[in-house]
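Taking it in order: structure first as structure tokens, then the write-up.
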Amino acid sequence: MESLASLYKNHIATLQERTRDALARFKLDALLIHSGELFNVFLDDHPYPFKVNPQFKAWVPVTQVPNCWLLVDGVNKPKLWFYLPVDYWHNVEPLPTSFWTEDVEVIALPKADGIGSLLPAARGNIGYIGPVPERALQLGIEASNINPKGVIDYLHYYRSFKTEYELACMREAQKMAVNGHRAAEEAFRSGMSEFDINIAYLTATGHRDTDVPYSNIVALNEHASVLHYTKLDHQAPEEMRSFLLDAGAEYNGYAADLTRTWSAKSDNDYAQLVKDVNDEQLALIATMKAGVSYVDYHIQFHQRIAKLLRKHQIITDMSEEAMVENDLTGPFMPHGIGHPLGLQVHDVAGFMQDDSGTHLAAPAKYPYLRCTRILQPGMVLTIEPGIYFIESLLAPWREGQFSKHFNWQKIEALKPFGGIRIEDNVVIHENNVENMTRDLKLA
């Protein structure tokens with residue numbers, strides 16, 4: 001495999017080219033990209049956990065250091081002012097020397113407010129990208145050049161197409177997340193609580209709970225019906241029935257986002273339904289290719305959901321086509337088939353149709369779908385279908401003409417298991433689709 005250093009060199013060349021194009025299009029001289037700042041909790045002297053500006057970590061794998069600045073113009077070597085205070089109260093990260101530092105000019109910044117004297121004197125034509133607009137104004141950046149929409153749309157659109165460096169980082173994040181999922185399943189099988197399963201996951205991945213790319217969803221039994229369940233009960237339930245784990249990892253700022261569901265017993269209806277959702281997810285991925293709308297795959301999976309609802313006699317006396325047409329599959333899979341993945345878990349530009357930011361919304365029937373793009377080589381997406389038993393979504397169907405088609409007795413029997421979700425991370429290539437998750441033998 002090509003070294004990360006050489007992949008990074010090509011990655012920087014790609015970002016430089018995108019920057020040149022963006023600056024020319026929007027008549028700017030350079031971009032000043034801010035890592036961000038610490039923000040204190042209201043009426044407290046304690047800061048919230050730091051989350052770096054994703055446009056900053058696109059350039060350098062510096063994810064834990066506030067008050068850093070990047071100046072890029074697409075021509076000269078990117079210049080990084082790295083915050084390096086003299087501080088005996090807090091940990092101070094050393095000036096980086098790593099695989100990437102040959103391609104970036106790294107300069108120590110001893111004071112957070114010292115950047116003003118180090119920037120070019122003429123700043124009227126510099127664009128600022130970052131979370132603190134008032135800081136940009138203090139530095140003399142024109143208000144119209146603070147997070148300019150056209151520039152950000154342009155950069156976001158091309159972030160959809162991952163460089164080989166980015167894909168290498170995402171494969172490493174997959175390895176970490178897969179280790180976590182294996183440890184979590186073992187913890188579940190040994191009877192641990194959600195809280196303790198989460199600790200096992202974090203230990204296996206080498207993350208703190210503030211470092212994972214999103215809050216882990218560790219859901220036992222009926223908790224699996226809450227799509228973004230993050231409570232973490234300290235007490236294990238008396239009876240273990242099911243376990244849904246939606247948890248990722250991060251490597252050099254790039255995310256993995258995996259979900260698996262396990263049945264405590266292997267010989268019940270729920271276990272068979274888990275197997276069938278898994279099989280249908282793999283079957284859908286096997287059909288994927290460049291040049292097809294992501295929306296089409298979402299719609300296709302509703303047809304697969306209908307097949308499973310019929311097979312398991314959850315919906316009866318109705319054709320699969322009629323189920324989809326009348327949205328009887330909707331309450332069972334209320335979310336989208338997945339989303340773009342990269343520097344952010346729900347990565348940007350899922351609805352952008354071009355580099356001008358033209359927006360194509362999700363279909364009215366499926367408002368929670370997060371991507372309407374035509375799949376193209378270099379894109380990374382999640383494929384995460386599910387079937388859930390959520391009373392608030394099922395309740396409206398208990399009345400009316402379609403109620404008789406719902407096997408309410410079967411649904412009541414499955415509700416204590418919560419739901420099922422299976423999620424892999426895939427890369428679209430010219431002639432194939434790479435399943436980064438299954439390549440690591442995560443069943």
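A Cβ is built for glycine as well, from the same backbone N, Cα and C atoms used for every other residue.
Source: prediction; values computed, not measured.
Marked as Mn(2+) 2 binding site by Swiss-Prot: Asp246, Asp257, Glu423. The annotation Mn(2+) 1 binding site is assigned in Swiss-Prot to Asp257, His339, Glu384, Glu423.
Overlay of Swiss-Prot annotations on the structure.
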| residue | record | Cβ contacts under 8 Å, 6 or more apart |
| --- | --- | --- |
| Asp246 | Mn(2+) 2 binding site | Asn216, Ile217, Ala219, Asp257, Leu258, Thr259, Arg421, Glu423 |
| His339 | Mn(2+) 1 binding site | Val345, His346, Asp347, Gly350, Arg370, Cys371, Leu381, Thr382 |
| Glu384 | Mn(2+) 1 binding site | Thr259, Gln281, His335, Ile337, Gly338, Arg421, Ile422, Glu423, Asp424 |
Say we define neighbours as other CB atoms within 10 Å of the CB. Which of the binding-site residues Asp257, Glu423 has the fewest?
Glu423
Give the sequence-ordered set of same-chain residues, not counting Asp246, Asp257, Glu423, with Cβ within 8 Å of the centre of the Cβ atoms defining the Mn(2+) 2 site.
Ile217, Ala247, Gly248, Leu258, Thr259, Thr382, Glu384, Arg421
Taking the mean position of the Cβ atoms of Asp257, His339, Glu384, Glu423 as the Mn(2+) 1 site, which residues outside that list, in the same chain, have a Cβ no more than 8 Å away, listed in sequence order?
Asp246, Leu258, Thr259, Gly338, Leu341, Thr382, Ile383, Asp424, Asn425
When DSSP is mapped onto helix/strand/coil, what comes out for Glu384 (Mn(2+) 1 binding site)?
coil
